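The structure appears right after this line, and notes come after that.
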Ligand code: DSN
């Protein structure tokens, strides 16, 4: 990327930006929530819309000069409606957490009850963690995955809903490798007379492409982020039926946010346009096929894959059975030295701390964007296992790093 204007003003930042470009080119991004957007999305996000205030919504703004802001936001909304089949879409949330906040602000009062999946079992901070505003403002009860199978324990969810009488049930997860049974959770919500929020942050792209069942039209509210399995740049989105449009619009602005980030909304519009092309479905299918290949490789090499595989873009590994003295951070750090960037993650039944947990989470969205197929992904899986088994052996880590560099060179990024 050319940062000549930045360099004239601020060489330190220009160096950091160039450094980040190089880092992304020369490492394999396997953090399950990361991806590489197109140059078109980057350009839209770097546009002059960053200068524009557009508080309000298209056709009804608190500022003059919103003609093009309106056009861009309407395009983003229309494309999102087409992609996910939603009646109502709000593209203004700055992130997935802000999208969730929009729903909570619209539908709950402080003290209301949230029933959600525990963080260490794959949930998210914004689903009621004590360190998050949701854990501080609302009364939270949590369900878990079945420790034997690694799948959502739907029966215990039903039981908790009966006992706790929640106002909202949150489904959709950050570290859950299996397809979610939205209808089953909706039935629980109906029986409890509770709202159902499906947070599809991780699988927005898979749902849009039809490779994961959709909660749109099932759950009352669907939230997501726009930069994980869909490559539309950093941000959030809310979908619902028209019935809740007014409350959700008010909750996002002015309830929880000020001026929308119009340059990011332009990125969303462009990324959604790309996702409406037929090749996006192939991309999503390959992302899942690559994740399955990765899970199979890990299992064949003796690692414990939580739930025994994956239906989506991520694989969760519990290191304790195969490498009891090795922590997730040991592995994360050695892999980073080898040029493979993924994250340490808690696993169901976690016995260590959240900062230095017992597992790792690996995702295939970014590798797939770079053109990795199943064979190449299997090789990456084998390299990861080599590092796990030899995380404190610099010679092995260095050998793996050499091979990772070759793989990066064979799958170039932002070179055209
Ligand atoms: N932090 C994101 C993730 O990595 O899953 C979720 O917000």
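Note that Cβ sites are derived from N, Cα and C of the backbone, with glycine treated the same way.
Across all of the domain 'Serine hydroxymethyltransferase-like' (7-384), the predicted model scores a mean pLDDT of 98. Feature annotation from TrEMBL assigns domain 'Serine hydroxymethyltransferase-like' to 7-384.
Look at residue 125 ((6S)-5,6,7,8-tetrahydrofolate binding site): DSSP puts it in a helix. Summarising the annotation, TrEMBL assigns (6S)-5,6,7,8-tetrahydrofolate binding site to 119, 123, 124, 125, 242, 353, 354, 355.
Residue 227 (site 'Plays an important role in substrate specificity') counts 28 other C-beta atoms within 10 Å of its own C-beta, drawing on all protein chains shown. According to TrEMBL, the feature site 'Plays an important role in substrate specificity' maps to 227.
Here TrEMBL flags 228 as N6-(pyridoxal phosphate)lysine. According to DSSP, residue 228 (N6-(pyridoxal phosphate)lysine) is assigned to coil rather than to any helix or strand. Cβ neighbour count for residue 228 (N6-(pyridoxal phosphate)lysine): 28 (other Cβ atoms within 10 Å of its Cβ, all protein chains included).
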Note to self: Long-range neighbours only, meaning 6 or more apart in sequence with Cβ under 8 Å: which ones does residue 354 ((6S)-5,6,7,8-tetrahydrofolate binding site) have?
What the structure shows: 119, 120, 346
